[in-house]
Amino acid sequence: MKTLYSLRRFYPVETLFNGTLALAGRDQETTGFAWWAGNARLINLSGKLLGAHVAHAGLIVFWAGAMNLFEVAHFVPEKPMYEQGLILLPHLATLGWGVGPGGEVVDTFPYFVSGVLHLISSAVLGFGGIYHALLGPETLEESFPFFGYVWKDRNKMTTILGIHLILLGLGAFLLVFKALYFGGVYDTWAPGGGDVRRITNLTLSPSIIFGYLLKSPFGGEGWIVSVDDLEDIIGGHVWLGSICILGGIWHILTKPFAWARRAFVWSGEAYLSYSLGALSVFGFIACCFVWFNNTAYPSEFYGPTGPEASQAQAFTFLVRDQRLGANVGSAQGPTGLGKYLMRSPTGEIIFGGETMRFWDLRAPWLEPLRGPNGLDLSRLKKDIQPWQERRSAEYMTHAPLGSLNSVGGVATEINAVNYVSPRSWLATSHFVLGFFFFVGHLWHAGRARAAAAGFEKGIDRDFEPVLFMTPLN
């Protein structure tokens, strides 16, 4: 049966050149969308849309498992993770699997298990996706009303939202349980250079947890990205998990209020735009987190942050020149400021030279040398440990700088090595994805609002100016 043209006129339709590509219920004639419009053809086919999403999840999980095993197969335990271009194993190591003191990998078997579990899961999801895409019912409303839905049904939509929030909350609690009861997580701040430990003293004070949200995003404040101890991170996940679960229950039990019914557009494309907007925000936050934060993303696995590599260089040369007899407390640099040490705008003693701009840095290899007024001169003279020297020399030569052709390091460095920090990869990719998702959010929000208002933006093809122009030849 052909859909009435009046029901299809709100969709800009491209002509399908090859009419033989039609699939029953999924062709241009019935849906108003050509084959390349992807899931738009399935807007009103909940069963087929389920298949598309399950299959997509299968592809994602397959990538995770395959890439995980690829990284395990190429992993060299003697080299730091960040020197090997790894982006998945650092996450597993951060969760405390397979690592010991100082972030040294002692066992790769947990990484292998993770990869295999993801591959098996992807097979299950792949089978489910193919089943629902090809064999299962086209729509779920008749046979499985609990899983069926109509996009305009506001109550059902908020119920689905609630279920998703509960699942997200449970995900947050998985991290909490891992940190509290199942072996702990890697703490880069553990004495002597980092270790896996169980978190025993959670931060649950709302003034501390929500204080992060009220901080300025700039400079030494750094909003939530400034978190620098695991108690706060795990405590934050307790709060977040609880809020998500309670919010989920609320959305399942209630119907949207009148103001919410008026404020939102209630259509599939509108929900897509809201989701893309949220994911865009997540992408930008993740970008800042992986670039600046060395607690949630320990430098032992991801390499140093930019400020950390810079401060490490200043520290390394302070150590060298102090051994050669320099008085690091009073030596003057070429600008008349301190060559090795100077004062920050608020009076603390900080590293001098170009790295002064990064005086906010906190890092586990440096903090033991601070006193109440910044860097402590007597500690710098007497208390520097070999592990601190080794780590700063390592970080100094592995700054998160690099180009697309994988030649890492400062652009003017003639001895550049084949190194690009995982921080560079993860921060850049999440920024780019966040940007594209934001553009997608604007695109789909505009279309959804236009459809709700009863018109589509675009040129009326019947009166297109080009049709009245003389042919060029």
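Along the chain as shown, the residues are counted starting at 1.
Just so you know, glycine gets a Cβ as well, placed from its N, Cα and C.
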Stretch carrying transmembrane segment according to Swiss-Prot (options 22-46, 97-121, 447-471): 447-471
Surrounding residues of the transmembrane segment (255-275) on its own chain - C-beta under 8 Å, 6+ positions past either end: 43, 151-152, 154-155, 157-158, 440-445, 447-449, 451-452
Recorded stretch, among 134-155, 178-200, 291-312, maximising Cβ pairs under 8 Å relative to the transmembrane segment (69-93): 291-312
C-beta crowding around GLU367 ([CaMn4O5] cluster binding site), within 10 angstroms: 11
